[in-house]
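Asks: Got a structure for you, questions after.
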Amino acid sequence: MVEYKVQVTTGEVLFSGSSDYIYVTLIGTEGESERTNLDNYGLDFMTGMTGTYTVTNPSSLGRLLLVKLEKEQYLFLPENEWFCSKVVVTTPEGDVILFPCYRWLSRGEIVELRGGKARKVFEDELPLLVHHRKKELELHKKLFQWIVYAEGVPHINNTTEVSALPSEVKFSFSKMSEFIYTKAAAIAELKLKCLVNSTEQWKDLEMMKTVFWKNRTPISEYVSEHWKEDDFFGSQFLNGTNPNVIQRCTTLPPNFPVTDKMVQPFLKDGSSLATEMKEGNIFLCDYKRLEGVPTRVVNGKPLPLTAALCLFYKNPEDKLLPIAIQLEQQPSQQNPIFLPSDSEHDWLLAKIFVRNADFSEFQISYHLLGTHLLAEAFTMATFRSLPIMHPLHKLLIPHFRYTLQINLLARKRLISPDGPLANGAMGLKGLKELLKRAQSEITYSSLCLPENIVARGLESIPNFYYREDGLKLWNIINSFVKGMVEHFYSSDSEVSRDSELQDWIHEIFIHGFLGNGKSGIPKRFDKVEEVVKFITMIIFTVSAQHCALNMGQFDYGGWVPNNPLLLRKAPPTTKGSSSMNTILEVLPNISTTVNNMASTWLLSKRYSDTIPLGTYPDQHFDEAVPMQMIKQFQAELSYLSRSIIKRNAILTLPYNYLNPAEMENSVSI
């Protein structure tokens, strides 16, 4: 008889353990073992426990290929699913083989785990492994099916209820509990203050500061004190929640007739608009994509959503200041250009309308589409096209943790007919229209930060911490990905031969980018460097880009006048008629304001089971070279994190949204 040592690790998440019987069968090239009940003295399969068991067989099974796990009822106890992290088998020949699992098992379920080194499809020769690989993808194509969410928008997972999601992609118990509690606690506080259902107008802005007793951050407090100031207003377009719109302006758009006479008082002495544009000091935010987007009708009138234009000047003190605002795309007497020299309330009101336009673009075009929906497409394609043993599945899967569930919850709670985003300015119809427009304009280049920065002419604008930290992070991720991909693909011909890889990128091209060849998204790979760039883009998008957009939502939007979800009155058509009462009439009512504050608090919260970028608690690789690359990746991320903390210590308004230590591996909130 020969003995196999089998170590079985139960997950550490709450309620991972099980009291049921667990059976194992080992399958090798020379046959399979008997089905063996894994049972030691005392308790087995408790949360976080690793149990060691012995499986005997009359002779060696040869090369060990698969481990079969089964779960059956113990006595009359009710079902409790078991989360198996991994199985490690030591063979009689002394080989130690890792079989990653990282999924839940239910009664009557049979799971076959494959172990050993990552392998590409053309490297599998044994019929049993070829069949196992094919069967796994067939199952995943049934479990993860595409469906059209809206015309012209990336396709999504067809599951409509969390309970129907495959167990391996669901939230942990602790994550779900915290998620529910955070929202309930915020709403309870608002109800206690009788604010959550109040349709009244705010009597004054100071009243807003009493909304939350404890849900505050240093930045949200700073914003509430400085939101009216022009230099703070300008800084947000670089380092706030939406650094995606601003670009250097070398020529004024023909529909934005700003003249030297208008803006010379705000430029350095003796200068002109043309001179400052030539020197690279003029910048523009143009929200033309919002023009004509349908909005919700309230009390018989459509809510306003301005396709504003805002011109900025980088002054000699390196402050970015707004110098001209036009609230609609077509110039006219009823669409004046507002200036800092206008009355205090005229200028403040114009800036509020710009911030509302920016909020709409930020939430829909860049946050929802540019991170969440693209992450879902990447996740779906990976499950459907890359089996667990594929090296790119192993590399990418930690970066898709919880993505399918958070997007499903977003569709059910945030962008459903009753959700806060669908009850913003646009409504569900306008939201989908804006998604469609943004999707039609998305390009591969815009998703690659180094190219994006150059295209917008932002290489040298000072105090742009999103760019500084983002480019460093891009390079760190790219270096890591390059090492991993080149380790597994020794030549361009191996890339071309990998049919699973080609299926994967084709699915992303068709379902994520709707087959739009003009986007520049590849529909196949022929070179290793193409794979490196695309994987870099994916990891950056689902970790860094999402964090940069998501984690500051309460910081910059908790003070609602700075980032209003909607505005209630049309933009001014003349100058000199605005007052503080006008501004209060324009801003959202009490209920809309406080519910929006609660939502941004929920979405900006850091949860206890957050896994930071570069942290891989689930062991998918056990080969020495990839493990060493992961350690190097973590070291570089740690160095960047320390440098950001050091830089932030001397900033009045720190920028921490691209700190790897605070950044989640995946789109999970």
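Glycine is no exception: its Cβ is also placed from the backbone N, Cα and C atoms.
Unlike curated records, TrEMBL annotations are generated automatically.
Copying in the features that TrEMBL gives for the protein in this structure:
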type	residues	note
DOMAIN	2-119	domain 'PLAT'
BINDING	ASP39, ASN40	Ca(2+) 2 binding site
SITE	TRP104	site 'Essential for stabilizing binding to COTL1'
DOMAIN	119-669	domain 'Lipoxygenase'
BINDING	HIS367, HIS372, HIS546, ILE669	Fe cation binding site
Asks: Among ASP39, ASN40, TRP104, these being the recorded positions, pick the one whose CA is nearest to that of HIS546 (Fe cation binding site).
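Replies: The smallest Cα gap between HIS546 (Fe cation binding site) and any of the recorded positions is with TRP104.
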Asks: Determine, using Cα-Cα distances only, which of these recorded positions is closest to ASP39 (Ca(2+) 2 binding site): TRP104, HIS367, HIS372, ILE669.
Replies: TRP104
Asks: By DSSP assignment, list the helix, strand and coil residue numbers for the domain 'PLAT' (2-119), in that order.
Replies: 0 helix, 62 strand, 56 coil
Asks: With ASN40 (Ca(2+) 2 binding site) as the reference Cα, tell me which of the recorded positions TRP104, HIS367, HIS372, ILE669 is the closest one.
Replies: TRP104
Asks: Once near-sequence residues are set aside, which residues in the chain of HIS367 (Fe cation binding site), 6 or more away, have Cβ atoms under 8 Å from its Cβ?
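Replies: Those within reach of HIS367 (Fe cation binding site), by Cβ under 8 Å and sequence separation of 6 or more, are HIS546, LEU549, ASN550.
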Asks: What's the CA to CA span in angstrom from TRP104 (site 'Essential for stabilizing binding to COTL1') over to ILE669 (Fe cation binding site)?
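Replies: Distance between the two Cα atoms comes out at 22 Å.
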Asks: Quick check: with HIS367, HIS372, HIS546, ILE669 left out, which same-chain residues have Cβ atoms within 8 Å of the centroid of the Fe cation site Cβ atoms?
Replies: LEU368, THR371, ALA375, ILE406, LEU549, ASN550, LEU603, VAL667
Asks: Just jot down the residues in the same chain as ILE669 (Fe cation binding site), at least 6 apart in sequence, with C-beta under 8 A of its C-beta; none if empty.
Replies: TYR402, ILE406, ASN550, LEU603, LYS605, TYR607
Asks: Neighbour count, 10 Å Cβ-Cβ cut-off, for ASN40 (Ca(2+) 2 binding site): what number do you get?
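Replies: For ASN40 (Ca(2+) 2 binding site), the 10 Å Cβ neighbour count is 11.
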